[in-house]
Amino acid sequence: MKKNLTIFALVFMIMMPFIMFDSEQPTLANSHDVMTGEVTASSLFVRSQPSTNSNVIGSLSRGTKVSLYERSGSWYKVKVNNQTGYIHGDFVKVTSQPGESLSGQKGQITASSLNVRSSASASSAVIGSLSRGVTVELQERHGSWFKINNNNRSGFIHSDYVKVTSSGSGSATPENQGEVTASNLNVRSQASSSSSIIGSLSRGTKVDLYEKSGSWYKVNVNNRWGFIHADYVKVQGSGSSGNTKPEQQGEITASSLNVRSQASSSASIIGSLSRGTKVDLYEKSGSWYKVNVSNRWGFIHADYVKVQGSGSSDSTKPEQQGEITASSLNVRSQASTSGSIIGSLSRGTKVDLYEKSGSWYKININNRWGYIHADYVKVNGSGGDGSIDKKGQITASNLNVRSQASSSASIIGSLRNGTVVDLKGQSGSWYQISYSNQKGFIHSDYVQIVTPGTTPPPSSGQLNGKTIFLDPGHGGNDPGAVVGGDKESALALQISNKLKTELEKLGATVITSRTNDRYVALSERVRMANNTSSNIFVSIHLNAFPDPTAHGTEAFYNTVHAPAGSQKLASSIHNRLVGELGLRDRNVKNANFEVIRYTTMPSTLIEIGFMTNQRDLHIIKNEQDKVVNSLKNGIVDYFN
């Protein structure tokens, strides 16, 4: 009997981490902010940290109801048996979300017939409908949905098809106060640059800030709720958080973890760390930690680091000094325009620059770490003039040379694609060069440093003898995704026409399914491509999704015809879009889209980014030359 008890005890100790948790959740003081979800996997691990490399502390079976306390990237924080853990969001169906009270507000239906759904999701059951012009009372907002009462039953309608006609007085208390810094700042109906404009505020206007949603502040203007962009608001009431110590220590969990020169998987590898190595973490940039290895700064991916706790911060010395060139420059909590504004600096202010992260400088203001955008900083150097001694090659089709390191400075000349120039110095995001015996400046986004072992940008004639078929998606009476006034068909056509020009400069013969806004059937696109003996087929599309946080680029291929070539083509273009534009990597996937299934040459369908995501749409519309350049480089990579 004693032997049996001993065996049972050993088995229990071994199996303990994998025993199913009871789904009952503790009640928290702020439970009204808690979402609820249902597990969709047959058995979902509960982990100690929001990472697949952290310890498994239990599991939940399919159908288990669980309270979701907060979201951390792709993970939800849960509490099970008084123990905090994390479950992956891909295997959780959110069944209810905390709603923003809209007491006293009414809305008018703008769609001809608007479905009323059982929950705030386009995949939930339809429990009724409302016709255009009907006025309803709005009870709560759940993301992009309004909760209403329909025939004595709670339901949800999508806010895109509701015009808010009145606002209640409510009891909302502003979190802060701000001052408008733009000459004329639009007030929008939603936290998106594609939403309708419902008013405007002039420079210097004081405004109450009720909450922050990404890069937007919620405000009340003329008794109507709206949103203004945080880049053009100087927060008046934000205080200092005091003694910030960003350093922590971590332990490597991968067998061998690459150390990269930048916070990107496409950056060069400058070293590696083995499993179990202890490493100091200086700051976090997205999914990357900054580390110092062999007296060199680098970045390691956070998924393969177990954070062990906060360490002490040594006395940091600034690398350079800069001077503010904007009239009023926001200081942000992170190296991103979506980081909260923690202060501002006026033109001419001298500031110590501790390090550079992408297009941002890290600074210390009022004993608090923050970030300022490099475009509005003139680097004075650290005991010198910021001089460099490098060569750069122009990647733009035609790059302006300006008299000062500013996009508003006068143009004194231009440089053609492929031109190699000596770089004399750097000021923020600009390189100083000598142009016609005078000082000039060119933007660093369109310059590739030429060093031994660097592959220069594509040169003329590199695609001689290649025939490329470009297929801008949709067209005519099929606009594709429509966001605000932007149509997928129009944007895809703009990109295709520009890409055609760039590929022809490299010697390629380029054929397109359309060069204007007309409808072309999918079968006709396939027939045209197959009859032209093209070497490759590239279909250009843009994504959309009801959730505006969905973002990134993805590429599709098919394995019916030329599977290896199609996958290589998709990967080549996808890698360039991710690496050069900083778009989220949504992977390269096998799919059965008609235009890539029935074309006989290597083919791919590219979803460049999400029109429904503010940052992606900005890149697609306002940085189109960069998009075209990345597509071109990916095609050249394929043929090389």
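Every residue gets a Cβ built from N, Cα and C, even glycine.
The compositional bias 'Polar residues' annotation in TrEMBL covers 238-254.
According to TrEMBL, the feature domain 'SH3b' maps to 34-96 (among others).
Marked as domain 'SH3b' by TrEMBL: 104-166 (among others). Counted with DSSP, the domain 'SH3b' (104-166) comes out as 3 helix, 42 strand, 18 coil.
According to TrEMBL, the feature domain 'SH3b' maps to 175-237 (among others).
The domain 'SH3b' annotation in TrEMBL covers 247-309 (among others).
Annotation comment: TrEMBL describes 319-381 (among others) as domain 'SH3b'. In terms of DSSP secondary structure, the domain 'SH3b' (319-381) contains 3 helix, 40 strand, 20 coil.
The domain 'SH3b' annotation in TrEMBL covers 389-451 (among others). Per-residue pLDDT, averaged across the domain 'SH3b' (389-451), gives 78.
Look at TrEMBL and you will find 238-257 (among others) tagged as region 'Disordered'.
Residues or ranges marked as region 'Disordered' in TrEMBL: 309-331 (among others).
The signal peptide annotation in TrEMBL covers 1-22.
Against the domain 'SH3b' (34-96), stretch 247-309 has more CB pairs under 8 A than any other of 104-166, 175-237, 247-309, 389-451. Contact between the domain 'SH3b' (247-309) and the domain 'SH3b' (175-237) is absent: fewer than three CB pairs lie under 8 Å, with pairs separated by 6 or more positions in sequence. Residues in the domain 'SH3b' (175-237) partition by DSSP class (helix H, G, I; strand E, B; coil) as 3 helix, 38 strand, 22 coil.
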